[in-house]
C-alpha cells in the first residue's frame with residue numbers, strides 16, 4: 001500500500017479515536033496521501049498492550065506513549081468529540097471546532113481499570129510518571145492481590161511474579177477457567193500451569209465482596225480483602241483487571257439506534273455503520289463476534305481504509321470476516337502461550353513473537369518514530 005491518489009478537494013476522512021485502530025487507519029491514509037484528521041482527547045498514543053509491564057518495570061513506560069503530533073502534524077487535533085451530525089457530515093469538538101468529513105471512521109476504543117488502560121486526560125510526560133509511580137507502589141508491597149483472571153489479570157500476575165519472584169501474588173477469578181472463553185481449552189490450562197509454576201496463588205470461583213471500597217494500585221499494608229464465600233486474604237496492594245467498557249459517548253446521541261447492548265456499533269460485512277455508506281466503525285467499538293484486541297483493530301483499519309479508497313475509485317468493497325482466533329498471552333518477558341489461526345502455540349514462539357517487547361517496537365515503526373532506549 002501507499003501511493004498517491006488523484007482526489008478532488010471534497011475528500012476528508014475524520015478518524016475519531018487514536019488507539020490501535022485509529023492510528024493504524026491514520027497511518028494508512030497518510031501513506032496514500034488521503035486528506036484526514038485524527039482526533040483524540042490525549043496528546044499521545046498509548047500502546048496499552050504493554051501497559052502492565054510499564055506498571056511493573058521501571059523505565060518501560062516511556063516506550064508505551066507515542067506523540068500524535070510528531071507523527072501526524074497538522075492532521076492531528078487534540079480534543080473531545082461532543083457531537084456528530086451525519087446530516088451535515090460534521091464532527092463537533094468541545095472547543096466548538098466543527099470538522100467536516102466526507103468519510104468518518106469511529107475508533108473510540110474501550111476503557112477499563114488502570115494499569116491495563118489509561119483513563120486520565122493528562123499530558124504524555126505526566127502519563128508516563130503515573131506508571132512510574134505504580135512501579136514504586138508495587139516495589140513497596142510484599143503481598144499483592146490481582147482481581148480478575150481474564151487475559152489482563154493472568155498477564156498482570158505473571159508480570160509481577162516474573163519481576164519480583166519473592167513477592168506473594170494472589171489471583172482471584174470468578175470462574176473456574178482462566179483467560180478468555182474464546183481460547184482453546186489447552187491454552188487456558190497452560191495459562192493455569194504457568195501461573196502455578198511461577199508460584200502465583202489462585203483463588204478460582206471466588207468474587208471479592210467489597211470491590212467498590214478497595215483503593216487499588218496503592219500500597220496499604222495488611223489490607224483484609226474478603227470474598228463472597230467468606231475467604232479472607234491479607235495483602236498490601238490490590239490491582240484490578242476486571243473487564244472493559246466501550247467508549248460510546250462520542251456517538252451515543254447520533255447513533256443510539258445503531259448500538260448493541262454493550263455500546264458497540266452495528267456494522268455490515270464492509271465494517272460500515274448500519275444505514276451509512278460513508279461511516280465506518282473499527283476496533284473495540286465495532287460490534288463483531290470476536291474478542292476485543294489490538295490485533296483485530298489493525299485488521300479492521302486495513303479493510304476500512306481499503307474500502308474508502310475503493311469507494312473513491314469505483315472498485316468493489318472488501319469484506320471483513322472474523323477468522324479463526326489468533327491470541328497470544330504474554331506471561332512475563334520469558335514465558336507465554338497462545339494460538340494462531342486456532343492452532344496452539346507454545347512458550348518459545350510466543351516469547352519470541354510477543355513476550356519480549358510486547359509489540360512496542362511495531363507501534364513506534366507504525367508511527368514513524370524512534371523508540372527511546
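Glycine residues also receive a Cβ, built from the backbone N, Cα and C atoms like all the rest.
Per Swiss-Prot, these features apply:
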type: BINDING; residues: 17, 18, 19, 20, 21, 53, 81, 284; note: 6-hydroxy-FAD binding site
type: LIPID; residues: 2; note: N-myristoyl glycine
type: MOD_RES; residues: 167; note: N6-acetyllysine
type: SITE; residues: 173; note: site '4-hydroxy-2-nonenal adduction'
type: TRANSMEM; residues: 13-29; note: transmembrane segment
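Distribution of Swiss-Prot features across the structure.
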residue : record                               : CB count, 10 Å
17      : 6-hydroxy-FAD binding site           : 26
18      : 6-hydroxy-FAD binding site           : 28
19      : 6-hydroxy-FAD binding site           : 24
20      : 6-hydroxy-FAD binding site           : 29
21      : 6-hydroxy-FAD binding site           : 31
53      : 6-hydroxy-FAD binding site           : 27
81      : 6-hydroxy-FAD binding site           : 23
167     : N6-acetyllysine                      : 17
173     : site '4-hydroxy-2-nonenal adduction' : 23
284     : 6-hydroxy-FAD binding site           : 30
Nearest recorded site to residue 173 (site '4-hydroxy-2-nonenal adduction') by CA-CA distance, among binding-site residues 17, 18, 21, 53, 81: 53
Residue pair residue 284 (6-hydroxy-FAD binding site), residue 167 (N6-acetyllysine) - Cα distance, angstrom, rounded: 34
Site diameter for 6-hydroxy-FAD, Å, by largest Cα distance between 17, 18, 19, 20, 21, 53, 81, 284: 31
Residue 18 (6-hydroxy-FAD binding site) and the residue listed as 'N6-acetyllysine', Cα-Cα, nearest whole angstrom: 36
